[in-house]
Amino acid sequence: MAPPKKTVKKMDLTSFLNDDTFGSSWAEEDVDLNKITIPIETANANTIPLSELAHAKNNSNNTRSGGFGGSFGGRSRLDPALGGGSSDRREEYPVPDAPPYRAVINNIPWDITPEGVQAWVEDGLVKPEAVEEVVLPKNLRDPTRLKGNAFVTLKERADLVAVLKFNGTKLNERTVYVSVAAPRRGGGADVDWSSARGSNFQGDGREDAPDLDWGAARGSNFRGPRREREEVDIDWTAARGSNFQGSSRPPRREREEVDIDWSAARGSNFQGSSRPPRREREEPDIDWSAARGSNFQSSSRPPRREREEPDIDWSAARGSNFQSSSRPPRREREKEEPALDWGAARGAQFGKPQQTKNTYKDRSLTNKKTTDEQPKIQKSVYDVLRTEDDDEDEEAEKQNGDAKENKVDAAVEKLQDKTAQLTVEDGDNWEVVGKK
C-alpha cells in the first residue's frame, strides 16, 4: 500500500517572515545584561594575602629597573593589574668628566646616514667639526636596515651637554630622543640595551647585567643560583679499609727490557745475523743466438728500406679491364703440344674400326676440348695495388714454372724417342690376346 501524500503549502517569502504561528524570533528579544551572572570559584590559590599586596605596592613605588623590577616592574607576581604603574624607563647616565663624550640618539629615521647625523648635530651646535665619530648600528636580522639609534662621540664635554638639549626635537620630520650613552665596558661595541631587549644581539664586550630581584619575579619559593661547592678532602683510606696503604710508597720504577738470547730459544742450529749478507748474483751473459738456433739472425741487420708508395691513378682503375700503364700487359703463354706418333705406339691394329677404340678416342677428344675450354686467367681490378715485392715473387714463380715445364718437355721427348723405337712385328714374340 502506497504511503499517503503529504500536503504541501506554498507561500511567498513575505508571508513566511510575517508568520507568527511558532512565536517570534529569539534574536528580536531584549536581553537584560544585568541579569547575566558569571560564577566565580573561590579557592585558596586565587586568594592574595593583604600583606603581600602591601609589599607589592611598596616595591612598585620604590623599585626602579631597566626592564625587570623587583616584582616585574612594580606589578604583582600574581596579578599584574594590582600593581602600580610601569617602571620600564631608560636609565639616565651622568655626563662624564673624561672622554669619550658620547651621546645616543634614539628613534632616528631609517634612511639617515652618518654624514646626515653629523651635519644635524653640528648645525644644532653651530660648531663645525664638533663631532668626532658617528656610529649607526644595523639590525642583525636584516643588515640592510638600521637599528633605530645612533651613537655620536663629541670632542668636548660642553658639546655633549649642549646636545642633550636636542631631546624631543625633529630630525627629518621625526622626533628623536637624545641622552648620555652608557659607558663602554672593555672596549665593546655600542649597544643600546634598553632598546635591544627583544633582539638576539651578542656583542664582544657585553655590559654587566643589572642586579635583578629574581626571587620576587619567580615566586617566593624560588631559590637563587647554586653556589659552587668546595671540593671535600675525603679520607679514602678509611673508606677502603683498615689494611689500605696510601700513596706514601714510591712509584713503581719502569722495568728494563730483558736482553733475550733468541739463538738459544730457536735451537742449537740457529745462526744469528753475524754472517755477512748475501751478495747479489750477477746475471750471466747468455748467447741467445745459439739458444734460438743456427738460423737465427740478430737485430744487427740494417733496417728495411721504406717502400715508395706508387702514384696510383684511381680514376683509370674503376673499370674491370684496367691495365697498368707502367708495364705492357703480360701475354698468356700457350703450351706447345708435342707431336707424338701414337700409331706406332698403339700397334699394328691401330686404325681399325673397333668400338672400344672409338670410345677411347671420343674420351681423348673430350679431354682435349676440356683442356682447350679452360677459362683464361683475368687480371683483377686490384692488380694496380701490387708492389715491387709482389712483382719479384711473381717473377720467381714464373721462373720456377718455366723450369718445371722444361723438365716435363724433356721427359715427354724422352718418352717419344723410346716409343718411336718400338716395332710391332710377327717375329718379335708378341702375343695377341683375343676375346674368349
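Glycine is no exception: its Cβ is also placed from the backbone N, Cα and C atoms.
Values in this document were obtained by computation on a predicted structure and should not be read as measured data.
Annotation source Swiss-Prot lists region 'Disordered' at 56-98 (among others).
The domain 'RRM' annotation in Swiss-Prot covers 101-183 and is backed by sequence analysis.
Annotated region 'Disordered' per Swiss-Prot: 185-406 (among others), in sequence order.
Mean pLDDT of the predicted structure over the region '7 X approximate tandem repeats' (190-350): 66. The annotation region '7 X approximate tandem repeats' is assigned in Swiss-Prot to 190-350.
Per Swiss-Prot, repeat '2' is recorded for 211-232.
The repeat '5' annotation in Swiss-Prot covers 285-310.
Among the features that Swiss-Prot reports, compositional bias 'Basic and acidic residues' is placed at 329-338 (among others).
Residues or ranges marked as repeat '7' by Swiss-Prot: 341-350.
Per Swiss-Prot, the feature compositional bias 'Basic and acidic residues' maps to 359-376 (among others).
Counting residue by residue with DSSP, the compositional bias 'Basic and acidic residues' (397-406) contains 10 helix, 0 strand, 0 coil. Annotated compositional bias 'Basic and acidic residues' per Swiss-Prot: 397-406 (among others), in sequence order.
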Next item on the list: Helix, strand, coil: count each for the residues of the domain 'RRM' (101-183), based on DSSP.
Entry: 22 helix, 25 strand, 36 coil
